[in-house]
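Data block below; observations after.
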């Protein structure tokens with residue numbers, strides 16, 4: 001279990017997250033939603049031990065995060081930061097294999113290469129293995145970086161907007177894979193998404209953040225309602241239910257947004 | 001089943017790619033061997049290549065005259081070209097990796113300018129009581145490391161970006177250039193000429209002693225850099241992503257910067273300012289084999305060594321009997337070649 005106990009974060013004098021307490025269970029997919037600039041990325045960075053905690057504590061498997069044991073703490077994580085520019089003279093395979101940085105020897109073993117190729121195959125992008133990173137589209141790069149983070153074989157999986165550049169098919173493919181592996185490998189999974197419908201479809205638990213505080217936490221069917229979404233985004237919506245009883249969201253047009 | 005076949009095809013393709021890179025390393029080793037022979041053979045008296053090879057392989061059997069020319073006079077200079085070229089090539093490659101900027105080299109960051117100032121200071125002050133052959137390298141080295149120390153301080157600060165380090169480096173470049181001009185302005189014409197001559201860069205001052213020091217420092221730094229090959233490759237994915245893979249970016253940045261500064265400061269202090277190789281050799285290496293640092297580290301060193309050695313041959317043979325300053329030769333021959341390379345080859349890679 002990954003536990004956040006009254007966690008507060010700040011950069012300089014600007015407060016980002018205030019008194020956030022959460023308990024995240026293994027084998028469950030947690031999706032963080034919330035408007036831009038509400039500390040979602042900072043929260044992931046803090047969990048990874050990259051951002052000093054202003055107050056509170058983070059615990060996993062009975063150990064608290066401390067500055068001294070940063071390296072062993074980070075080893076438990078697969079963390080995929082938001083997309084950045086990657087103009088690289090490296091092949092896809094060479095990038096994916098770096099997911100095993102902690103254990104690579106100077107000669108790449110067959111095992112390392114095959115593991116990287118299998119990860120690419122599982123995501124249906126094995127044909128890209130020999131391509132140079134700089135020749136790929138933004139979406140293809142995102143899939144490659146997901147394959148890289150899979151190779152870390154983590155206990156906690158954190159993805160920051162992993163589908164922002166993906167087409168519909170690859171969005172579903174990535175989320176299905178994540179959903180399946182979270183159960184199979186018993187990961188604590190934590191994903192930042194902006195697409196509320198995708199979030200509602202795949203999340204076991206939604207974490208709703210706004211203004212640095214927790215607005216709601218629970219299964220999408222219980223958490224998502226029109227009032228909450230209007231409060232978060234100032235956008236009127238209708239919420240419907242699909243055949244499985246999962247909520248889906250339809251935004252309503254709003255002439256006032258033009259003004 | 002087809003999946004497994006596909007996996008193994010892809011595996012063997014990766015192995016082929018690695019073999020191809022090994023062949024590039026081998027090719028450059030052979031080029032270097034050839035260039036070294038030529039470098040020893042050329043000079044005021046041209047020696048036949050066969051005689052040079054024979055003397056190098058078994059110095060005991062050669063006649064005394066040839067042995068003196070080859071072993072005592074030309075070989076340390078020719079080897080110095082290789083070592084300094086390797087130090088500059090590798091140093092440039094790591095500056096570019098570290099600062100995520102293709103324009104970075106020990107020269108853009110003011111390290112060479114600082115060394116130049118230090119050398120001039122040693123010349124003008126009469127060598128602090130030491131013979132000039134010792135005082136000048138020491139002055140150059142000390143100033144170079146002082147300038148680098150400032151950059152180390154910046155690299156240690158966590159919130160300082162690579163861009164800031166580059167800007168600070170360029171500011172240092174201007175500072176030391178101005179200080180150097182000031183020294184030249186204040187000094188006598190004779191001293192001024194000596195300063196200018198040092199700034200041109202020359203391998204001719206090399207002795208077995210200076211070669212030994214440079215070689216030991218370069219090899220040690222290169223080995224230490226090589227141990228971080230995977231981490232340095234990760235760094236090319238961007239600092240945030242390198243951190244996410246578990247790399248301690250601040251530490252890696254400082255460590256690499258210290259090693260590169262040591263290596264280039266040592267090289268520059270003995271041979272003066274030889275520009276351009278630190279910028280170009282890494283680019284050529286990267287075009288040939290990509291950015292896998294396990295191969296880029298050795299190839300950028302070999303490529304630098306090869307370039308400086310060829311330049312050394314050319315500096316002696318453009319006008320027979322005359323010796324061009326090697327720093328000038330590297331730039332005049334290198335620039336057109338480099339422009340042709342970046343325009344023509346584009347993004348072809350192994």
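Glycine is treated like the rest: Cβ placed from N, Cα and C.
Record features, source TrEMBL:
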type	residues	note
TRANSMEM	B:22-41	transmembrane segment
TRANSMEM	B:75-95	transmembrane segment
TRANSMEM	B:107-128	transmembrane segment
TRANSMEM	B:134-157	transmembrane segment
TRANSMEM	B:164-186	transmembrane segment
TRANSMEM	B:206-226	transmembrane segment
TRANSMEM	B:257-283	transmembrane segment
TRANSMEM	B:295-315	transmembrane segment
TRANSMEM	B:322-343	transmembrane segment
Close approaches to the transmembrane segment (B:322-343) from elsewhere in its chain (Cβ under 8 angstroms; 6 or more beyond its ends): 81, 197, 200-204, 272-277, 280, 283-284, 287, 307-308, 311-312, 314-316
Stretch of maximal Cβ-Cβ contact with the transmembrane segment (B:75-95) [cut-off: under 8 Å; candidates B:22-41, B:107-128, B:164-186, B:206-226, B:257-283]: B:257-283
Non-local residues, at least 6 beyond the ends, that sit with Cβ under 8 Å of the transmembrane segment (B:22-41): 47-49, 52-53, 56, 70, 74-75, 77-79, 81-82, 288-289, 295, 298-299, 302-303, 305-306, 309-310, 312-313, 350
